[in-house]
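Student: Once you've had a glance at the structure underneath, I'll fire off some questions.
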Amino acid sequence: MNATLVFFLIILCSTSISICLADNDNLQDACPTNTTVTPMVFINGFPCKNPSSISSADFTTSNLKHAGDTDNFLHSSVNIVTAADFPGLNTLGLSIARTDLDLDGTVMPHSHPRASELFFVRKGIVLAGFIDTNNTLFESLINEGDVFLFPRGLLHFCVNAGYEPAIAFSVMNSQNPGVVSIGGAVFETDKLLIDKIIRRLISVRGTNMANFSKIHLQ
C-alpha cells in the first residue's frame, strides 16, 4: 500500500477518534436548543433555534435556584441541568448541577463517562473524593468557597461532614455528561476504602459514625 495513503489513513483515524471522544465545537456564536420541535433526524446534540428567534431568556435559567428534595434514604438531592433544559448550553460543551446534602447526606459513588466535574461548595462542609483506576482513594474536606475536581469517568462521591445542610454547585465539560450509578453493594467490596472514609468523618465530626456506616455504606 502506498506510504502516503497509509499516513493519510492514520491521521484520519486519529482525528475521528478525537472527535468521537469530545463534544463537537460550536460553529456559530450560539445555538440554543429548539425545544418546540420533535427531531426527525437524531444528531450529536440538539437542533438549533432559528437565529432570529434567539433571546436573552435562552441564556438564563432558574433551575438551580431552589433546594432539591432531601427527604429520602440518602438525605441528598442532585439536579443536573443540561442543554435539554437550558437551551443556551447547546453546542457549548457544558452542563451544570446543584447538590443538596442534609445532615449526614450522601451522594453514592457514581461517574460521568463524558465529563470532568468542578464541584464548588456554596454552604457547609463536605467530604468529597474519587477513586482512580488503581483503586486509590483521593479525598478532601472542602469548606464554603472551596472547589474539588472529579476527573472524567472516575467513581466519585460526597458526604455532608458538617452540622448543617450543605449546598454545592457543579460545572461539567459536556452538555450531556451521563451518569453511571454504582450500587452500595459494589462499593462495599473494598472495606479499606469504607473504613478510611468513616475514620475521616469521625475525625471531622468527633462523633460516633456507626449509624452512618450502617445506613449509607451497606
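Quick reminder: no glycine exception, Cβ is built from N, Cα and C everywhere.
So TrEMBL says this about it:
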- His110, His112, Glu117, His156: Mn(2+) binding site (BINDING)
- His112, Glu117: oxalate binding site (BINDING)
- Cys31-Cys48: disulfide bond (DISULFID)
- 62-195: domain 'Cupin type-1' (DOMAIN)
- 1-22: signal peptide (SIGNAL)
Student: When you measure from the Cβ of His156 (Mn(2+) binding site), which residues in the chain that are at least 6 apart have a Cβ under 8 Å away?
Tutor: Pro109, His110, Ser111, Glu117, Ala128, Gly129, Phe130, Ile131, Phe150
Student: Tell me, roughly as an integer, the mean pLDDT over the domain 'Cupin type-1' (62-195).
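Tutor: Residues in the domain 'Cupin type-1' (62-195) carry a mean pLDDT of 90 in this prediction.
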Student: Per DSSP, what is the residue count of the domain 'Cupin type-1' (62-195) in each of helix, strand and coil?
Tutor: 12 helix, 57 strand, 65 coil
Student: When neighbour density is defined as the number of other C-beta atoms within 10 angstroms of a residue's C-beta, which of the disulfide-bonded residues Cys31, Cys48 has the lowest density?
Tutor: Cys48
Student: Compute the centroid of the Cβ atoms of His110, His112, Glu117, His156, then list the same-chain residues not in that set whose Cβ lies within 8 Å of it, in sequence order, for the Mn(2+) site.
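Tutor: After dropping the recorded site residues, what remains is Ser111, Ala115, Phe130, Phe150, Leu154, Leu155, Pro177, Val179.
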Student: Which number gives the other C-beta atoms within 10 angstroms of the C-beta of His112 (Mn(2+) binding site), all protein chains shown included?
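Tutor: Cβ-Cβ neighbours of His112 (Mn(2+) binding site) within 10 Å number 25.
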Student: To the nearest Å, how far is the Cα of His112 (Mn(2+) binding site) from the Cα of Cys48 (disulfide bond)?
Tutor: 25
